[in-house]
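Trainee: Reproduced below are the annotations present in TrEMBL:
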- Glu356: active site, proton donor (ACT_SITE)
- His387: active site (ACT_SITE)
- Lys515: active site (ACT_SITE)
Amino acid sequence: MLKNITPTTTQAWQKLQAHYNQIQAQQLRDLFAQDTERFQKLSLQFEDFLYDLSKNRITEETLDLLVTLAEETALPGAIESMFAGEKINVTENRAVLHTALRNFTDTELLLEGENILKDVRAVQQQMKTFCDNIHNGTLKGYTGKAFRHVVNIGIGGSHLGPQMVCEALKSYQQPNLEVHFISNVDGTDAAEVLKKLDPETTLFIIASKTFTTKETITNAITARSWFLQQAKNQAHVSKHFVALSTNTAEVEKFGIAPENIFQFWDWVGGRFSLWSAIGLSIACALGYNRFEELLRGAESMDKHFRKTPLRQNIPVLMALLSIWYTNFFNCQTHAILPYDQYMRLLPEFLQQLLMESNGKSTDRNGQPVTYQTQPVVWGAAGTNSQHSFFQLIHQGTILIPCDFIAAAKTNNPIGEHQALLMSNYFAQTEALMKGKNEAEVREELEKKNMAANELESLLPHKLFEGNKPTTSIMMRQLTPYNLGSLLAMYEHKTFVQGVILNIYSFDQWGVELGKQLATSIEQELLRDKKAAHDASTTNLIQYYQQNSN
Ligand SMILES: O=P(O)(O)OC[C@H]1O[C@H](O)[C@H](O)[C@@H](O)[C@@H]1O
């Protein structure tokens with residue numbers, strides 16, 4: 001089980017504090033100049049990936065101390081507890097076994113006496129048959145036409161992962177089948193998707209772990225009405241609606257036939273669920289075999305995470321870097337910058353993964369934490385982001401560690417695009433690291449033959465402090481396998497941060513209050529049931545009611 005160790009009470013934490021005082025005074029460009037082996041010492045290769053940590057504000061000693069912190073907070077035991085299926089999601093009394101969904105070994109994995117791998121395989125077989133039947137035309141709509149569109153209706157973990165993966169792997173998509181997503185309870189989302197579709201050739205996947213999420217159920221009801229407007233007969237619903245859920249009773253109440261339910265289990269957290277039946281839209285889009293490649297890439301990262309010593313363990317080091325910046329450099333945000341248009345939804349996916357998991361302020365002893373937990377995760381694809389917020393990363397007043405992610409070989413070799421994209425990828429981390437000092441700016445301006453007073457007044461604005469930390473993650477090519485590996489790396493990073501920071505990463509009680517209040521205000525807006533609010537909320541509701549018709 002997870003131990004309750006306050007990280008700030010460890011010896012390693014105290015040592016890191018002293019070490020930080022040395023490191024924060026050092027310039028990255030000097031560290032590179034002093035040590036020609038710095039890249040070799042601070043980068044790791046794993047299968048098709050190069051993880052370059054050398055442009056971070058660290059030395060080998062930093063990593064040694066951080067790894068000691070991981071040891072002192074009992075990380076190795078926690079890793080084993082997770083893989084073994086112990087109920088480490090204590091506040092929900094559940095195991096955490098998304099790794100079982102991509103475990104292709106022949107062993108058994110017993111949970112309360114049941115071999116769960118058997119259940120996993122059975123659902124995978126059901127998904128495979130379903131996808132094959134869609135693609136070979138065996139599954140047909142109510143008028144006998146083949147399906148051309150699949151709509152995933154879900155939100156949060158039942159949406160972000162599938163949508164991001166479908167987008168990231170678009171170049172592997174099967175022909176003749178388009179996948180769409182509806183998530184927002186704003187009717188605009190459903191309206192804009194449905195207006196492009198024909199009920200005869202559209203299959204709806206209702207994805208909800210609990211099958212009680214208001215947004216998803218509302219959108220599902222809207223989709224069913226839209227379908228029945230044309231199909232007329234209620235019996236046709238069973239041909240066009242399937243559900244992915246752990247809550248069979250609720251699904252049946254909705255009217256979906258038991259054979260159209262793809263199950264998963266309470267030991268799969270919503271934001272870790274794209275590997276489960278929740279990935280059905282991915283499997284439909286890519287074909288089941290490619291979905292399996294995604295799982296196999298994740299499995300390989302799982303093995304690396306479980307077996308590799310902490311000092312060479314990629315997710316562990318990535319998590320430790322986050323703790324280093326957040327708690328010692330006081331960084332409040334972390335940017336995710338995919339230099340790959342296909343991966344542009346990755347920041348949104350990682351926002352839920354990291355911020356919903358580790359956005360906590362109570363430790364595992366039930367005490368308020370006295371240190372920082374999860375920084376804000378944000379970002380957007382490069383190079384577009386260079387033309388919007390990069391200014392702040394280069395010259396703003398806050399320090400923002402960034403992950404720069406790219407694939408060396410493009411899936412769209414057109415002209416010189418890839419070389420141009422990658423030259424920006426390399427240039428940005430180099431510029432952020434090196435900066436430009438006064439002598440360099442002066443030399444540049446002097447070449448322009450400008451008046452001395454003009455030069456002096458311009459000079460301070462053109463200085464780049466540099467010393468901005470970045471991690472470069474480069475893969476050979478964006479494939480289902482490699483994407484699986486990358487996503488599993490971020491999942492394990494999330495877990496490691498939670499373990500070391502002594503918080504529970506697999507619950508999300510913080511989202512409940514807003515849901516409860518919305519449910520009661522809904523009664524006010526729809527059924528005119530008045531309720532007491534603060535003055536601001538009362539007046540906002542009044543303004544809405546006066547203007548919504
Ligand atoms: O899959 P569902 O049960 O519909 O849940 C969808 C989402 O709902 C909640 O808001 C949770 O905070 C998320 O973690 C979850 O992914």
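Using the three backbone atoms N, Cα and C, a Cβ is placed for every residue, glycine included.
Those TrEMBL annotations? Automatic predictions, nothing curated.
Model, not experiment: these values are computed from the prediction.
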Trainee: Between the Cα atoms of Lys515 (active site) and Glu356 (active site, proton donor), what distance do you get, rounded to the nearest Å?
Mentor: 15
Trainee: Among all the protein chains here, how many other CB atoms are within 10 A of the CB of the residue listed as 'active site, proton donor'?
Mentor: 22
Trainee: Within 10 Å of the Cβ of Lys515 (active site), how many other Cβ atoms can be counted across all chains shown?
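Mentor: Here the count is 10.
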Trainee: Which residues, sitting 6 or more apart from His387 (active site) on the same chain, put a CB under 8 Å from its CB?
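Mentor: Spatial neighbours, sequence-distant, of His387 (active site): none.
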Trainee: Is His387 (active site) helix, strand or coil when read with DSSP?
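Mentor: Once the DSSP labels are grouped into three classes, His387 (active site) ends up as helix.
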